[in-house]
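J.: Below are the structure tokens for one structure; questions will follow.
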Amino acid sequence: MTVSTDNTSPVISRASSPTFGDHGKDFDNNKIIPISIEAPTSSAAAVGAKTAIEPEGRSPLLQRICYLVKIIAAIALFVVGIAALVCLYLGSVISTPSLILMLAIMLVSFVIVITAIRDGTPSQVVRHMKQQIQQFGEENTRLHTAVENLKAVNVELSEQINQLKQLHTRLSDFGDRLEANTGDFTALIADFQLSLEEFKSVGTKVETMLSPFEKLAQSLKETFSQEAVQAMMSSVTELRTNLNALKELITENKTVIEQLKADAQLREEQVRFLEKRKQELEEACSTLSHSIATLQESTTLLKDSTTNLHAVESRLIGVMVQDGAESSTVEEASQDDSAQPQDENQSDAGEHKDS
């Protein structure tokens with residue numbers, strides 16, 4: 001998210017530096033002096049602050065299919081469990097293929113149910129929220145840095161405005177003294193050059209603006225004729241025009257400073273909003289962690305119940321095997337009892353024939 005852009009405020013500097021060697025011809029330079037101001041834009045920051053945290057979701061059709069499969073698996077697990085309990089209660093014998101099929105259905109259903117429970121936990125949402133919290137922390141740090149930079153720019157612009165005001169005052173005084181002076185210009189020009197040297201420390205842009213005035217001072221040293229004085233007075237008139245441009249520049253800088261202050265307040269509001277959002281997300285993460293712990297306990301209980309169900313199945317299989325062995329023993333005993341009367345009848349019939 002972009003927090004600052006470079007805005008360039010062009011100021012047209014019209015400074016006339018008369019060259020007295022050309023017999024009163026005015027040397028007019030129209031120069032555009034850009035002043036680079038780092039002004040923040042609040043639209044991108046507001047859009048970033050209003051960005052909602054939404055967990056990654058699946059397509060509606062896939063969600064419905066997964067939900068249907070989970071329901072079918074739960075129903076199958078329940079039906080197989082009920083069937084096993086009914087068979088145990090009635091003591092009916094289950095064939096080996098049917099038993100294997102029931103066990104396979106139970107295992108598959110159990111795996112699907114466990115997967116559904118795992119997918120049902122909001123772990124993905126928790127991870128996404130943690131990433132959002134980290135991003136908000138980085139954004140918060142970056143916004144703090146941007147605010148500090150804006151404050152530094154604000155201080156620098158204020159200092160430049162104060163120095164430009166002083167330059168405006170000195171140039172006005174110089175113009176008044178120049179209009180009133182009709183004698184020696186040596187002291188006046190030396191004072192003027194000294195003032196220009198003091199204002200070179202403001203920056204390269206202001207130094208560029210002062211270059212016409214330096215040419216003017218050099219020209220005043222070369223000649224002091226009446227015609228040169230008149231040309232210089234016309235130059236002072238244009239200097240006043242340039243001073244008006246400086247006044248407009250000062251007004252524009254004041255407007256920029258007010259905008260910077262408003263943007264700094266907006267950054268502070270965004271920082272407070274992000275901190276509040278961070279606290280809410282931390283509370284949500286703690287709640288989700290508690291839910292995950294509860295679901296893990298439920299999973300443990302479900303595993304215990306499945307273990308008990310396997311134990312019941314093992315007992316059922318043992319009981320069925322024991323019942324089958326007892327039934328086979330009873331059938332063999334009944335066959336032996338029926339065979340003994342037949343042998344006795346055959347022996348009686350043989351004795352009757354002999355008699």
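In case you wondered, yes, glycine gets a Cβ from its N, Cα and C as well.
I grabbed these lines from Swiss-Prot:
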COILED    243-298  coiled coil
COMPBIAS  1-19  compositional bias 'Polar residues'
COMPBIAS  325-348  compositional bias 'Polar residues'
REGION    1-25  region 'Disordered'
REGION    54-118  region 'Required for membrane anchoring'
REGION    320-355  region 'Disordered'
TRANSMEM  67-91  transmembrane segment
TRANSMEM  97-117  transmembrane segment
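Help me picture where these features are in the structure shown.
T.: For the coiled coil (243-298), the mean pLDDT of the prediction comes to 90.
Panel annotation: around the transmembrane segment (97-117), residues 66, 69-70, 73-74, 76-77, 80-81, 83-84, 295, 298-299, 302, 306, 309, 313, 317 of the same chain, lying at least six beyond its termini, place a Cβ under 8 Å from a Cβ of the stretch.
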J.: Report, as numbers and ranges, every residue of the chain located at least six residues beyond the transmembrane segment (67-91) whose Cβ falls under 8 Å of a Cβ in that stretch; write 'none' if there are none.
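T.: Sequence-distant neighbours of the transmembrane segment (67-91): 102, 105-106, 108-110, 112-113, 116, 309, 312-313, 315-316, 319-320, 323.
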J.: By DSSP assignment, list the helix, strand and coil residue numbers for the region 'Required for membrane anchoring' (54-118), in that order.
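T.: Going through the region 'Required for membrane anchoring' (54-118) residue by residue, I get 54 helix, 0 strand, 11 coil.
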